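K.L.:
I grabbed these lines from TrEMBL:
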- A:145: active site, proton acceptor (ACT_SITE)
- A:138, A:210, A:212, A:244: Ca(2+) binding site (BINDING)
- A:140, A:154, A:251, A:255, A:370: substrate binding site (BINDING)
- A:244, A:264, A:268: Mg(2+) binding site (BINDING)
- A:29-130: domain 'Fumarylacetoacetase N-terminal' (DOMAIN)
- A:140-430: domain 'Fumarylacetoacetase-like C-terminal' (DOMAIN)
């Protein structure tokens, strides 16, 4: 885990005054990375750091700021718009840049005058994916999700025997991971009900969301070389919100024997901001385990991981329907959860992934799987909230939903807060479902 | 499908005389692409075209040859070593370059004098992956493999009900696809026998090969936009050999409910040469279907696909053990098969993949799945040849195998031949299994 240092001082303030406001997602203690440019422009993408309601453009900051030569070297790939190259740096280097940015943006910094011109208001920016995603893997670490979904199919045996031994995961589609705000078309697909004579190919009627975190890989490993659990945290760059949209009617017909495919790969939405592991240091926690859970096998065990491998991050799902937007009503909260409900830590997911020698690369994205809590209102998908689509949920104002309708916009939110630490937020992760394409 | 043209004339000869030898994999009618450089050097990688026992360096060819301006434009990304950019070109452009290269390498070409200096002997080259693989998907289109493997687990119901409706596929790991000749370490992994109280983490004892073809995507599709079955062939660039190594003891314990993961992603081997769809035009065939097989759903149906969507490509698996190499014995053939035994065509796999709007990109790799034939000796994996490891196969010279041992080298071979056409080959796809890493 990361030790706390001066960048976690809750009293520290920024000369970017909006960062000091209560409830700001991006106080001085956060300093998340994104890739942005002026909205609607064709400018080059810039790596930016979020601070209050502003983004520090690292290309401009590298030019205008006064930095040590070591920091100038670290800024160089970032000034080119290449976050992956920075992700590949050792943890000490990443920490050094955090320290330098914190000092530069801190109230009273002599850099204020030179860096003010490197700030750009967030509201004027558009975002791309923050990094090139070489491979995207989705895990299944939300045990309450696994149990609830398992109950729908196997009431007497909801959790498969491997669940508490193997961090279950599968490869997803990297090309269709999109940044927050990118609308997605309702997918077509094959489905077959139990009483249908043969399958039909039609637009999915059961489009759902999945509330996840996305873990970004920092330094990778060479093919054939595993990552020891004691070093795993050093290979984690940071965390985003992640919505693994799912077509629940395509999945049951296609997924045997090789797992989900077209039910998932029509699109997955990631938030533009990466909250670094360093920013999350004050919000680490033990995982919730019960006394009868097996000890992890030695390759997945470390004392530090067991004590502080978890993430105490609040999670929420909000739905905005077309009718609510027309009536100028805010989105309605569908569920709230917390990342501490994961059965496996981020370090365990990463170590397991590389345990057979599979090579991870900077910018790879690991989805946690749907992070539901133990209570019904903590369910991270409509599949769970509606008991497999059998019971519609009532929305304020008379609408109801089993699955998502055309025009529905889903927004995930996350933040971390704790006594003695400055609250940090993740920024939004939003996506809208467009009508299916018309086909002959 | 592709019409036959002058590049398929079996009588056409090259001024590279080795290309005219009987049994050459790379006659003038083939012209496969690869990415190569002088072995052991740190030179830039060059895109090359195979011709006899030589490689035409397209960077040198672009400089030295005389080409129309349209061809110069097409050669430009290739001269930079970027096959992906060329794969993204429309089919007509790819065909135009084939025509130009064929004419330039044909016996009597006025280009001979200028292009001779652009040839490099194959034996002096090393190869990288031919293209950047954005995403790699593995299908399960070998029906005899699916039936035989299914029988091991479900003797009375070997083929799942979705098999003849849905081209079953799953996402694989792009980062661990390696080029032929790259050795792979025996992976560690969790396994649990039916009588074990708990799983153990240990080197796999059941490393196996899978005989597949790899299909390379040419032009892709935008997210949300499917690829019509009638246009699917235009989106296929070409075909390589592909070995989807599998750890058969890791897979059963990890794969429920989300499919194979660490049992597969420790490495997959692809051959360096891409045989283009244009070169394969004379070797297209109908698929083998029986009268009671269902008609594909309309989105997967086209008359051309049904008549000529198949590939009549001979496939072989050869094993070289350490003992055989010490005794200077050649590799032993384990199996032979043919790509015509696929249940789905390449076009159907591609169209299905994009049918929900999933965006394919130039350089994406689609594995066919293990292509076994109907006879026992046509099995494309040891799992099938040994009936799930229950019956060792005897090798010449007294050795036997259930699964691969350390030092075993597996080589896949493929070629296409037919009366009235010039035989073309794929070059080798080889990989060796190294001992597992020692771990504390």
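Think of each number as a place in line: the chain as shown, counted from 1.
Note: Cβ is positioned from N, Cα and C throughout, glycine not excepted.
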K.L.:
Compute the mean position of the Cβ atoms of A:244, A:264, A:268, which form the recorded Mg(2+) site, and then list in sequence order the other residues of that chain whose Cβ is within 8 Å of it.
P.N.:
A:138, A:172, A:173, A:210, A:243, A:245, A:246, A:265, A:267, A:367
K.L.:
When you put residue A:138 (Ca(2+) binding site) at the centre and draw a 10 Å sphere around its Cα, which of the recorded positions A:145, A:154, A:251, A:255 have their Cα inside it?
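P.N.:
Those close enough: none at all.
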K.L.:
Under 8 Å Cβ-Cβ to anything in chain B: which of these recorded positions pass, A:140, A:145, A:154, A:264?
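P.N.:
From A:140, A:145, A:154, A:264, the ones near chain B are A:140.
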K.L.:
Restricting attention to the domain 'Fumarylacetoacetase-like C-terminal' (A:140-430), give the mean pLDDT.
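P.N.:
Reported value for the domain 'Fumarylacetoacetase-like C-terminal' (A:140-430) is a mean pLDDT of 97.
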K.L.:
Looking only at Cβ atoms, how many others are within 10 Å of the one on residue A:370 (substrate binding site)?
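P.N.:
Summing over all protein chains shown, residue A:370 (substrate binding site) has 30 other Cβ atoms within 10 Å.
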K.L.:
Would you list, in sequence order, the binding-site residues among A:140, A:212, A:244, A:251, A:370 whose CA lies within 10 Å of the CA of residue A:264 (Mg(2+) binding site)?
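P.N.:
For residue A:264 (Mg(2+) binding site), the binding-site residues whose Cα atoms are within 10 Å come to A:244, A:251.
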K.L.:
Could you tell me the maximum Cα-Cα distance in Å between the residues recorded as binding substrate, namely A:140, A:154, A:251, A:255, A:370, rounded to a whole number?
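P.N.:
Comparing all Cα pairs, the maximum is 19 Å.
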K.L.:
Of all the binding-site residues given, A:251, A:268, which has the fewest Cβ neighbours within 10 Å once its own Cβ is left out?
P.N.:
A:251
K.L.:
Please count the residues of the domain 'Fumarylacetoacetase N-terminal' (A:29-130) that DSSP assigns to helix (H, G, I), strand (E, B) and coil.
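P.N.:
The domain 'Fumarylacetoacetase N-terminal' (A:29-130) comes out at 48 helix, 23 strand, 31 coil.
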K.L.:
Of A:154, A:244, A:251, A:370, which binding-site residues are close to residue A:145 (active site, proton acceptor), meaning a Cα within 10 Å of its Cα?
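P.N.:
A:370, listed in sequence order.
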K.L.:
Got a sec? Which of these binding-site residues, A:210, A:212, has the most Cβ atoms within 10 Å?
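P.N.:
Answer by Cβ density within 10 Å: A:212.
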K.L.:
Per DSSP, residue A:251 (substrate binding site) is which: helix, strand or coil?
P.N.:
helix
K.L.:
Do you see any of the binding-site residues A:140, A:154, A:251, A:255, A:370 whose C-alpha is within 10 Å of residue A:210 (Ca(2+) binding site), and which ones?
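P.N.:
Candidates kept after distance check: A:370.
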K.L.:
Of A:154, A:251, A:255, A:370, which binding-site residues are close to residue A:212 (Ca(2+) binding site), meaning a Cα within 10 Å of its Cα?
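P.N.:
Matched binding-site residues: A:370, sequence order.
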K.L.:
With every protein chain in view, what's the tally of Cβ atoms within 10 Å of the Cβ of residue A:140 (substrate binding site), excluding that atom itself?
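P.N.:
For residue A:140 (substrate binding site), the 10 Å Cβ neighbour count is 24.
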K.L.:
Of A:140, A:244, A:255, A:370, which binding-site residues come within 10 Å of residue A:268 (Mg(2+) binding site), going by C-alpha to C-alpha distance?
P.N.:
A:244
K.L.:
Using the alpha carbons only, what distance in Å do you get between residue A:251 (substrate binding site) and residue A:244 (Ca(2+) binding site) once rounded?
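P.N.:
Cα-Cα, rounded: 13 Å.
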K.L.:
Once near-sequence residues are set aside, which residues in the chain of residue A:154 (substrate binding site), 6 or more away, have Cβ atoms under 8 Å from its Cβ?
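P.N.:
The list for residue A:154 (substrate binding site) is empty, so the answer is none.
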